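Shown next, in structure tokens, is the structure this report addresses.
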């Protein structure tokens with residue numbers, strides 16, 4: 001059909017009819033319910049939230065690709081990630097799901113909102129297409145007014161997103177980068193797309209060195225301590241070693 005004639009949903013679903021962009025376990029609802037009942041963090045965790053039992057059943061509507069990615073995340077302690085989409089020029093950051101379940105759009109920040117806005121800004125300000133003074137709007141949303149970044153839920157709600165799952169189930173901070181107005185750029189356009197994003201990708205990866213890092217050790221034996229929980233005053237989202 002060509003890139004201009006393909007609809008926005010072309011290629012979105014797997015052969016099994018599953019939308020991978022909405023296929024991760026919804027951990028947001030459980031967290032917010034626990035917060036509303038003052039159970040966090042003493043009776044319900046604010047991080048490493050367990051996957052609900054219904055999601056693990058053999059007949060659950062979970063794609064093999066999704067299960068494989070979750071297994072990958074659980075094996076390797078990633079701390080920084082980005083997933084790449086097309087069809088807009090903007091960087092979104094969690095939460096992707098609105099806290100008010102019936103709202104299609106609602107500002108829904110995480111406890112680490114400042115860090116997420118920084119990560120999104122690093123990518124957006126170094127992306128040649130987003131930062132260009134001559135850039136046009138892709139569709140009708142003018143993201144330039146917000147520096148080409150937006151809270152995902154404040155754009156449109158996405159229950160079961162990989163970003164929210166990464167943040168709530170692991171230590172990983174993940175954003176979504178909408179790379180181009182065109183979901184299906186022609187092969188001849190790919191070198192220009194690479195140039196638009198090369199420096200952004202490198203600068204984004206460098207952000208892994210920001211913040212506090214190190215090894216939590218036993219004072220007497222000097223051995224590393226697994227599963228130590230680090231809490232930062234004023235941030236209701238802990239990190240586990």
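Each residue, glycine too, has its Cβ placed from N, Cα and C.
As the structure is a computational prediction, the values presented were derived from the model and not from experiment.
What TrEMBL lists as active site, proton donor/acceptor is 178. The domain 'Peptidase M14' annotation in TrEMBL covers 1-208.
Around the Cβ of residue 178 (active site, proton donor/acceptor), the same chain contributes 85, 86, 87, 88, 89, 90, 91, 92, each under 8 angstroms and 6 or more positions distant in sequence. For the domain 'Peptidase M14' (1-208), the model's pLDDT averages out at 94.
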